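Trainee: So that we are looking at the same thing, I have put the structure below in structure tokens.
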Amino acid sequence: MSIQAEAPTRPKVERLPPLPPPDTVYRPMRKRIHLAFFLAFVAAPFTNLMRFDIPRQRFYFAGFELWISEFAIIFFALMFLMFVIAASAIIHGRIYCSYACPQMIFSEWSQDVERWGKRVAQKLRAASPALKKRVAQALFYAVLLVASVFLAFVFTSYFVEPRDLLGRLLHFDLVTVGGITGATVTLITFLDFTLVRQKFCTSVCPYGYIQGMLQDKHTLLVRYQDGVGEAKDCIECKKCVRVCEMGIDIRDSPFQIECVHCGDCIDACEDVLRKVGKPGLIHYTWGEAPKADAKAEPWYLRWGFRDAKRVVVLLIMAFYLTGLALALSLRRPVLVEINPDRSTMYTVLDDGRIANLIRLKLANRTGRAAQVRLWVEDLPGADLALPANPVLLQPGETFERTVELRAPFAADGQDVHHIRILAQANDARKADAEEMTFITPLKRK
Ligand code: SF4
Ligand code: SF4
């Protein structure tokens with residue numbers, strides 16, 4: 001007796017008048033956000049919005065040039081950025097990946113270029129299919145090569161001074177460390193956007209895994225919701241699967257680690273089902289148990305602040321941001337350090353004056369030249385043996401040396417005189433004052 005396989009029951013498609021387009025179509029919105037983040041990514045190293053200058057050991061943040069020794073500011077800046085990333089993952093899941101990550105932006109862009117190359121090749125009506133394929137590939141690789149040089153230049157500019165890097169690029173420098181680094185990054189960029197693309201997000205990227213660990217039951221999800229049996233609205237068109245660049249079927253589960261929450265499957269389902277008069281079956285939802293009337297919820301719930309954990313993360317973020325703002329407001333653009341050098345207590349000079357040694361460190365942490373004037377209080381006739389006063393400092397220059405503080409012998413019966421050494425940069429509102437002692441013999445020798 002043969003057993004006949006039962007044919008799968010196909011859902012009946014009930015034809016209704018088409019629905020108007022949805023309020024939000026995510027892909028074009030995402031492309032606009034991609035453009036904004038791309039411009040920010042390109043502008044950041046050139047405007048010192050954020051950049052690590054490894055050779056010069058500087059960290060640039062929000063236009064400030066921070067020295068590696070400015071621990072407090074760098075600490076607050078890095079902690080703040082870390083909590084921005086953590087808060088984004090807890091509240092919005094992998095939204096960063098699909099809306100802001102350079103890897104995703106350029107992966108999608110390279111796919112667009114590939115499609116464009118094929119469209120251009122198709123216009124060569126007289127050409128054979130093999131020739132069309134070669135033309136499409138040549139166009140794709142040519143555009144990607146130019147783009148890779150540009151992107152590698154921008155990326156390397158986050159770690160090396162951009163003008164210096166441009167000079168190496170224009171001279172085809174493949175000999176120095178900077179030149180070799182630039183060429184290597186170009187090659188990696190080219191291979192990444194021609195061969196790897198979104199595979200990086202699902203196999204290598206550590207941020208994807210960290211996000212997976214940070215998500216909880218209230219995190220934003222892309223979720224497929226349908227009835228069962230006869231009430232099922234899915235028509236099995238599989239457009240949601242075809243458009244998914246991560247290669248998954250969102251109908252299987254909203255918790256797939258590969259899902260970057262891009263919303264392309266939402267657009268695809270809306271596009272298909274609205275033509276037959278039904279709303280799409282895939283939506284952004286807050287967590288596993290979304291409310292049916294989510295639009296009527298208070299604003300803080302609609303913004304994702306759904307439990308105390310999120311409020312705590314935001315408060316910690318606010319704490320580090322406040323610390324960063326305070327540290328920046330207290331920052332001195334020209335660093336002044338004045339310390340006594342007690343390797344000798346005093347020296348009697350040939351002209352009878354007494355000299356003490358002072359260790360002086362002046363550092364110009366700004367991007368323009370600065371002049372620092374130094375003077376001494378409470379020690380009549382004193383002067384500092386400087387090559388010039390004020391001291392001229394070029395941008396980023398450090399003046400560090402031991403100098404003599406000289407003063408006439410004072411027959412006042414004291415060998416320890418309490419004095420102040422002051423230093424003021426040309427654009428500083430007030431002087432730095434250092435209190436110290438000036439040691440002299442009790443009697444003239
Ligand atoms: S696009 Fe919508 S209707 Fe089509 S298979 Fe996916 S969920 Fe079902
Ligand atoms: S399942 Fe949908 S939201 Fe997730 S990556 Fe694929 S297309 Fe984007």
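Note: Cβ is positioned from N, Cα and C throughout, glycine not excepted.
Since the structure is predicted, the reported quantities are computational estimates derived from the model, not experimental observations.
As listed in TrEMBL for this protein:
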type     : residues : note
TRANSMEM : 33-51    : transmembrane segment
TRANSMEM : 71-91    : transmembrane segment
TRANSMEM : 138-160  : transmembrane segment
TRANSMEM : 172-191  : transmembrane segment
DOMAIN   : 246-278  : domain '4Fe-4S ferredoxin-type'
TRANSMEM : 311-330  : transmembrane segment
Trainee: Can you tell me which recorded stretch out of 33-51, 172-191, 311-330 has the most Cβ pairs within less than 8 Å of the transmembrane segment (71-91)?
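Mentor: Maximum Cβ contact count belongs to 311-330.
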Trainee: Pop the mean pLDDT for the domain '4Fe-4S ferredoxin-type' (246-278) in here, whole number is fine.
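Mentor: Across the residues of the domain '4Fe-4S ferredoxin-type' (246-278) the model's pLDDT averages 93 on the 0 to 100 scale.
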Trainee: Under DSSP, the domain '4Fe-4S ferredoxin-type' (246-278) has how many residues in helix, strand and coil?
Mentor: 12 helix, 0 strand, 21 coil
